[in-house]
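Novice: Mind looking over this structure? Questions follow.
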Amino acid sequence: MTKMIVGLGNPGDKYEKTKHNMGFMALDLLAKELNVDFKEEKPFMSLVASTFVNGEKLFLVKPLTFMNESGRSVAPLLKYYNIDEADLTVMHDDLDSPVGRVRLRQKGSSGGQNGIKSVITHVGSQTFNRVKIGIGRPKHGMTVGNHVLSGFDNEDKEIAQDGIFKAVDAMKFYLENGDFQKTMNKFN
């Protein structure tokens, strides 16, 4: 069985350390721990790394389409590699959770996260796994757009990093046992 883990974010140095790029940051760490490198797959508008874990093929994907169009990369990759959406996991930032909190879900709506909304639209299904990494709500007077495109302040940086570590630990556990429900039970 082939699995795909997607990290959502925005491409480019300008966005590298922003809250909206928690999915990219977590996927970069997972790739480092699995000792794989990304290469650009232009037809799929993505950076893709592949390896085998416990005898199963694994693709790690960073869409280069910008957050709100992520599904334009993910759907064609699923189709090309014949991966069922139940074997897709998407890691992303979550406004509705405190900074650094990690929540895993098996399916559901976008919850207002535009990258997830795009994946649902293009894949045509809500039945894929999610790893939500909390970035908290905007402080008083700040718009959601400015909040997600800003970096973490010093007091939240370490907490956010801990969330990334926990998300990666959850994915490694999932890859070892192949059971997302079991992973949810352990990490939620």
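For all residues, glycine too, the Cβ spot is worked out from N, Cα and C.
Taken from Swiss-Prot, the feature site 'Discriminates between blocked and unblocked aminoacyl-tRNA' applies to ASN10. For TYR15, PHE66, ASN68, ASN114, the entry in Swiss-Prot reads tRNA binding site, with the evidence type sequence analysis. Under the heading active site, proton acceptor, Swiss-Prot lists HIS20. Per Swiss-Prot, site 'Stabilizes the basic form of H active site to accept a proton' is recorded for ASP93, and the stated evidence type is sequence analysis.
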Novice: Same chain only, sequence gap of 6 or more: which residues have a CB within under 8 Å of the CB of PHE66 (tRNA binding site)?
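Specialist: Correct list: ASN10, PRO11.
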Novice: Distance between ASP93 (site 'Stabilizes the basic form of H active site to accept a proton') and HIS20 (active site, proton acceptor) at the Cα atoms, whole Å?
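Specialist: One finds 6 Å between the Cα atoms of these residues.
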Novice: Which one is it: of the recorded positions ASN10, ASN68, ASN114, which Cβ has the fewest other Cβ atoms within 10 Å in this structure?
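Specialist: Looking at the recorded positions ASN10, ASN68, ASN114, the Cβ with the fewest others within 10 Å is that of ASN68.
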Novice: Check each residue in the chain of TYR15 (tRNA binding site) that is at least six apart in sequence and keep those whose C-beta is under 8 Å from its C-beta; list them in sequence order.
Specialist: GLY9, ASN21, LEU149
Novice: So around the tRNA site, TYR15, PHE66, ASN68, ASN114 aside, which residues have their CB within 8 A of the centroid of those CB atoms?
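Specialist: Other same-chain residues with Cβ inside the cutoff are ASN10, HIS20, THR65, MET67, GLU69, SER70, GLY115.
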Novice: Count the other Cβ atoms sitting within 10 Å of the Cβ of the residue listed as 'active site, proton acceptor', across every protein chain shown.
Specialist: 24
Novice: How many Å separate the Cα atoms of ASN114 (tRNA binding site) and the residue listed as 'active site, proton acceptor'?
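Specialist: Rounded to the nearest whole number, the Cα-Cα distance is 11 Å.
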Novice: Give me the CA-CA distance between ASN68 (tRNA binding site) and HIS20 (active site, proton acceptor), in Å, as a whole number.
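Specialist: About 11 Å separates the two Cα atoms.
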Novice: Hey, what's the widest CA-to-CA gap across TYR15, PHE66, ASN68, ASN114, the tRNA contacts in the record, in Å?
Specialist: 16
Novice: Where does ASP93 (site 'Stabilizes the basic form of H active site to accept a proton') sit in the DSSP three-state scheme?
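Specialist: DSSP assigns ASP93 (site 'Stabilizes the basic form of H active site to accept a proton') to strand.
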Novice: Helix, strand or coil by DSSP: which one applies to HIS20 (active site, proton acceptor)?
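Specialist: SS state of HIS20 (active site, proton acceptor) = helix.
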